[in-house]
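What TrEMBL records for this protein:
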- His272: active site, proton acceptor (ACT_SITE)
- Glu120, Phe121, Lys180: NADP(+) binding site (BINDING)
- His210, Lys214, Glu248, Asp267, Lys364: substrate binding site (BINDING)
- 33-218: domain 'Glucose-6-phosphate dehydrogenase NAD-binding' (DOMAIN)
- 221-510: domain 'Glucose-6-phosphate dehydrogenase C-terminal' (DOMAIN)
- 1-23: region 'Disordered' (REGION)
Amino acid sequence: MPTEHDQPADTANSADKAAPLAGKHRAPPCTLVIFGAGGDLTKRLLMPALYNLSSDGLLDDSMQIVGVNHGERDTGEFRNELSESLRKFAADRASTFHTSQLNEKAWDWVVQRLQYFAGEFESDDTFESLKQLLSKMKTGNVVFYLAVSARFFRPIVEHLGRAGLLKEEDGNFRRIVIEKPFGTDLASAKDLNDHILGYASESQVYRIDHFLGKDTVQSILAVRFANALFEPVWRREYIDHVQITAAETIGVEGRGRFYEQTGAFRDMVPNHLFQLLGMIAMEPPNSFSAKSVRDKKAEIFDAIQPLSARDVVFGQYEAGPAGPGYRQEPDVAPDSRTETYAAARVHIDNWRWAGVPFYLRTGKRLAARRTELSVHLKTVPFRLFRDTPVDRLTPNVLTLRIDPAHGTTFDFNVKVPGPVMQVGAVQSSFNYGDFFAERANVGYETLLYDCMLGDETLFQRADSIETAWAAADPVLHPEGAPLDVHGYPAGSEGPAEADALLAADGRAWRPLGDSRKKS
Ligand code: BG6
């Protein structure tokens, strides 16, 4: 969305630079300081995103990128390391990155602006030297990106504040981007917010949930609010229930140490899955301004009934068709009780959704990779077709497919061809690739670009983070015994107990794997 920082495309163009993508403005001049520049996030996501933004001509020529990390290396080595990882990354995603046509100019543009800055994240010296470096930049606008382990969030923000690096002077912005996990429960999230807001104002803090960087997630609002068809039925009178799934086939992939502390619930539910819930359930905002959109999402989080243990099922993968069990993974305790699967029945206490359950599930080593939301409508009210009783009609289901398929499907009923009036279920589908050119995208492009523009729409506000944790807290700190963790074979649909959660309500999950019925 345009802001006062936007500048017309042609003011900063240089001869060998791509023209900005149609309809977009170049981001304002700014220095991007990445803490954790030697880490995985920088290599796998931030650099490819900067490369894509550069290809699209969306970065200002005066931009500089300072990579802060502990450990000595010079800028030349740093540039080589990142070039190597970008090439490898592009090769792994050849279908969208077209390795053979890697835009060398666009990558070179990024490389020329990269500089390495060795420093400990908790040392005063680092921030004093950084201050000197930043004072020599052409622009006073700075985005500090915390691509670091969560334990460094507090000290980095504190040092930035104490060094005066968060002061916005002479119309320059100073912004902090913070990754998840933002806290581990309500108390720690509150504490972290209080700490950060002691050094920066809320408008300077950009809390990232990378799901919101996905086009297919942003499109949920487009599907809902740019089509007259859906909104009238988007309520308890017509909707039976909603399912939100983020199923993965991968295991913990060498992240055993992190995962042992985190588990599937904290890793995915109060953040990614609640964000999807917010998009599908929020009231229409008055405008697409950051305030309107975030206010409506905050209202939904506030209306989520605190989860109770009886509405939640935890699971852990055991050896199965897809490989060994979680307890055999590196850095995982042989008697670990950490959940790798979580399912929850969520109730929203508001006029629109009273009585409509939202079923959420996520897990590692499941039968398929699938992130999707499916909205299940109620069946028609009476038996009109003699040969097809109402209970044999397939209910309408609108599925918004987020990953890896991008698009929608809609299940509905038609007459089966032939002399008898019989009704049969069919599915129509839309795939993004059939209508739009697939763009190389890692999901961080929009988030980085929006942060430079000062558009907070896709970032988490302090209050929403806290209301989301508040809803999740009773599961994290149960009054009685901790939740049972049920085994499920690696490569399966998840624990039987999660099926029972829905079966108790007379419903069933949409199957994930090959067993998925054609509806
Ligand atoms: C991350 C979680 O936030 O999201 C990971 O920490 C998870 O455990 C990942 O695999 C899923 O994101 P995506 O975009 O691959 O669906």
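If you go along the chain as it appears here, the first residue is 1 and each next one adds 1.
Using the three backbone atoms N, Cα and C, a Cβ is placed for every residue, glycine included.
Note that the structure is predicted; figures quoted are calculated from it, not measured.
Shown here: features listed in TrEMBL, placed on the structure.
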residue: Glu120; record: NADP(+) binding site; DSSP class: coil
residue: Lys180; record: NADP(+) binding site; DSSP class: coil
residue: His210; record: substrate binding site; DSSP class: helix
residue: Glu248; record: substrate binding site; DSSP class: coil
residue: Asp267; record: substrate binding site; DSSP class: helix
residue: His272; record: active site, proton acceptor; DSSP class: helix
residue: Lys364; record: substrate binding site; DSSP class: coil
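Mean model confidence for the domain 'Glucose-6-phosphate dehydrogenase C-terminal' (221-510) is a pLDDT of 94. A sphere of 10 angstroms centred on the C-beta of Lys364 (substrate binding site) encloses 25 other C-beta atoms. The binding-site residues near ligand 1, defined by a Cβ under 6 Å from one of its atoms, are Asp267, chosen from Glu120, Phe121, Lys214, Asp267. Note on proximity: among Glu120, Phe121, Lys180, His272, the recorded positions of the record, the Cα nearest Lys364 (substrate binding site) is that of His272. Each residue contributes its Cα atom, and for His210 (substrate binding site) and His272 (active site, proton acceptor) those atoms are 8 Å apart. Around Lys180 (NADP(+) binding site), taking its Cβ as the centre, 19 other Cβ atoms fall within 10 Å, counting all chains. If you take the C-beta of Asp267 (substrate binding site) and look for same-chain residues 6 or more apart in sequence within under 8 angstroms, you find Pro181, Tyr259, Thr362. Across the residues annotated as binding NADP(+) (Glu120, Phe121, Lys180), the widest Cα-Cα separation comes to 21 Å.
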